[in-house]
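**Q** Please read through the structure below; I'll follow up with questions.
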């Protein structure tokens with residue numbers, strides 16, 4: 001029986017090629033988006049499966065409550081938490097601290113980037129990472145490196161006892177080789193160094209920090225493993241007592257009210273419910289939920305299309321249903337037949353969705369999703385179940401409606417109109433389709449306008465005619481000396497960051513020892529920085545060639561509690577706990593970070609050892625191509641091992657926020673949403689034309705013009721589009737405003753956004769309705785009335 005149903009379904013698909021194409025295209029598009037979301041969601045839940053005792057392991061997170069009641073959460077804790085817990089409580093099996101540093105080591109004069117975790121011997125008791133050769137040592141300046149890192153620095157992996165040089169931490173001795181981290185883990189690294197390298201004060205170039213400070217939530221990541229039989233309630237009681245200790249340590253003039261430490265189950269780290277200012281790898285649940293929502297919305301738009309188009313063909317199928325019922329077919333058999341048709345079509349769409357994914361596999365962020373996919377039996381089963389689910393959901397409603405037709409009524413009716421005139425569900429679905437599509441269009445236009453705003457905004461510094469050159473480990477002074485000889489180069493500055501992106505290194509500043517510290521960004525830059533970048537001093541003078549004088553911005557001046565910028569000049573302030581510096585000048589605030597963030601306090605120090613980028617100010621009218629070619633020749637004298645890496649600042653800033661591929665992706669998404677909705681609309685217009693074909697013929701014979709017929713067919717649909725617009729535009733504006741809350745500086749949703757959306761709607765919906773209605777109105781009435 002099933003074989004016969006599938007055979008009938010296949011013949012039906014071939015007989016109605018246009019409807020089949022529209023349905024397959026819509027379902028294939030929706031399923032492609034859904035499959036990509038499914039892959040990423042499955043990948044997100046595959047993190048950290050290889051570690052030991054995950055059911056008994058917890059990460060300690062920090063909850064900060066301000067005096068105004070606002071709460072903030074950190075994935076990290078203060079340093080003493082783990083020490084206190086392990087030493088006092090017997091139900092604790094193990095504790096480990098991890099401090100992540102994204103830094104670089106020197107190789108043949110070049111700086112090579114390395115992700116380094118400073119940790120303790122218990123690290124390997126808690127996690128499933130493997131040491132292939134050698135051992136972990138907790139002695140200062142000991143380091144384990146991965147096989148890949150060993151190959152990068154030494155060209156082999158038999159490197160135990162060799163030295164790696166770091167500009168800050170000094171010489172580190174390789175004591176072992178780690179297996180490369182191939183599994184999905186929220187902890188990723190190139191090397192593991194002894195925690196004592198950070199905490200020791202035995203050498204002048206080894207920075208130290210206060211290991212007894214209970215109030216700094218960003219000190220380290222803390223993991224606790226309980227003994228078998230112990231409960232998380234026991235751990236929470238211990239953490240509550242630690243929270244009391246930390247809260248007592250808060251200075252009286254601080255904006256903090258309380259500090260609380262909470263136990264987070266290891267399994268819930270990735271995907272995480274919140275970001276927690278997390279430096280770890282892996283998606284959050286919000287990200288996965290957003291991806292899944294986009295996939296499901298796109299899929300259900302396609303399902304609505306299938307339902308609409310199937311109902312539009314109800315006239316042609318109603319006689320088939322009547323005949324089958326007369327010869328003995330039961331209703332469940334008819335339902336099974338129609339559902340089998342939709343399932344077959346769904347699996348055909350699955351094939352085309354694979355082709356579609358393949359065609360966009362190099363587009364934007366899709367390669368990252370596909371590379372992380374684990375193509376096991378579970379994945380293929382989930383995809384097959386998705387196709388089956390789509391087919392059943394798409395086919396069940398039309399099957400229920402079509403199978404309910406009375407055989408006497410459908411066989412007696414000549415037009416089929418009495419059978420299907422009650423199918424108001426089609427109008428509801430069509431309105432819903434356009435509501436979803438219009439909301440999507442409004443939301444995407446808001447995204448585009450925000451991206452365009454961030455790409456073109458005035459950041460408060462000069463971005464024109466600035467060429468960024470990566471130092472790539474080259475000597476800063478040699479590079480400046482050589483490149484400044486190039487005609488057309490007006491000025492050169494060195495810096496540790498590129499403005500307008502992620503800022504500098506996060507530190508803490510305070511004015512006196514008893515004052516409350518506050519987070520501040522620290523950027524390294526030379527004395528040419530403010531003139532090259534067009535920054536403005538509101539008080540004081542420029543930097544000197546020393547790192548004991550600093551520039552601060554106006555926000556930092558206020559955070560240090562100076563009454564005005566002039567009062568800050570020549571005052572001493574503290575950066576972290578160990579560096580006292582003198583304020584040379586105060587800069588007018590400028591956006592050194594992304595527009596996502598409010599203006600942060602900023603400190604600029606002249607520290608050439610931290611410079612990673614040169615910023616060349618180029619004279620107006622200079623031939624850009626010729627300049628780059630000549631700079632490349634000069635660069636060989638500076639660094640013969642690496643080619644010149646240079647990009648125009650304005651282009652970097654523009655394309656970071658408004659990349660051509662991103663624009664194409666947004667346009668494609670709008671096109672897909674509208675095309676799917678318009679295909680459903682096409683089905684509805686087709687349905688109306690088929691139902692009223694004889695009425696149209698009679699009206700034409702009686703003298704009705706084409707314009708009158710077009711109005712007759714399209715007026716109802718125009719009303720539905722207006723209803724959809726009235727519902728969707730406010731929803732889209734609310735969604736857009738929620739999105740804009742992620743940005744401290746953003747555009748406002750104005751009437752132009754609504755007008756552009758309605759223009760899209762009129763063009764897409766109006767053309768679909770008008771062209772189909774015009775075709776039906778232009779048909780020869782003799783053909784429609786011939787059988788009367």
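Any Cβ shown, glycine's included, is placed from N, Cα and C.
On a predicted model such as this, the values are computed, not experimentally measured, just so you know.
So TrEMBL says this about it:
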type	residues	note
DOMAIN	20-239	domain 'MacB-like periplasmic core'
TRANSMEM	21-39	transmembrane segment
DOMAIN	293-407	domain 'ABC3 transporter permease C-terminal'
TRANSMEM	294-314	transmembrane segment
TRANSMEM	334-357	transmembrane segment
TRANSMEM	377-397	transmembrane segment
TRANSMEM	428-448	transmembrane segment
DOMAIN	439-633	domain 'MacB-like periplasmic core'
TRANSMEM	664-685	transmembrane segment
DOMAIN	668-781	domain 'ABC3 transporter permease C-terminal'
TRANSMEM	720-740	transmembrane segment
TRANSMEM	752-774	transmembrane segment
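In terms of burial and nearby residues, how do these features look in this structure?
**A** Counting residues per DSSP class in helix, strand and coil order gives 96 helix, 0 strand, 19 coil for the domain 'ABC3 transporter permease C-terminal' (293-407).
Residues 297, 301, 304-305, 307-308, 663, 666, 669-670, 673-674, 676-677, 680-681, 684, 717, 720-721, 723-725, 727-729, 731-733, 735-736, 739-740, 747, 749, 753-754, 756-757, 760-761, 765 of the same chain lie 6 or more positions beyond the ends of the transmembrane segment (428-448) yet place their CB under 8 Å from a CB of it.
Counting residue by residue with DSSP, the domain 'ABC3 transporter permease C-terminal' (668-781) contains 96 helix, 0 strand, 18 coil.
For the transmembrane segment (752-774), the list of distant contacts is 434, 438, 441-442, 445-446, 449, 670, 674-675, 677-678, 681-682, 685-686, 689, 706, 709-710, 713-714, 717-718, 721, 724-725, 729, 732-733, 736: same-chain residues at least six beyond its ends, Cβ to Cβ under 8 Å.
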**Q** Which residues, given as numbers and ranges, are at least 6 beyond the ends of the transmembrane segment (720-740) yet have a Cβ under 8 Å from it?
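**A** Same-chain residues near the transmembrane segment (720-740) but 6 or more away: 427, 430-431, 434-443, 445-447, 450, 746-747, 749, 753-754, 757-758, 761, 765.
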**Q** If you average pLDDT over the domain 'MacB-like periplasmic core' (439-633), what do you get?
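**A** In the predicted model, the domain 'MacB-like periplasmic core' (439-633) has a mean pLDDT of 87.
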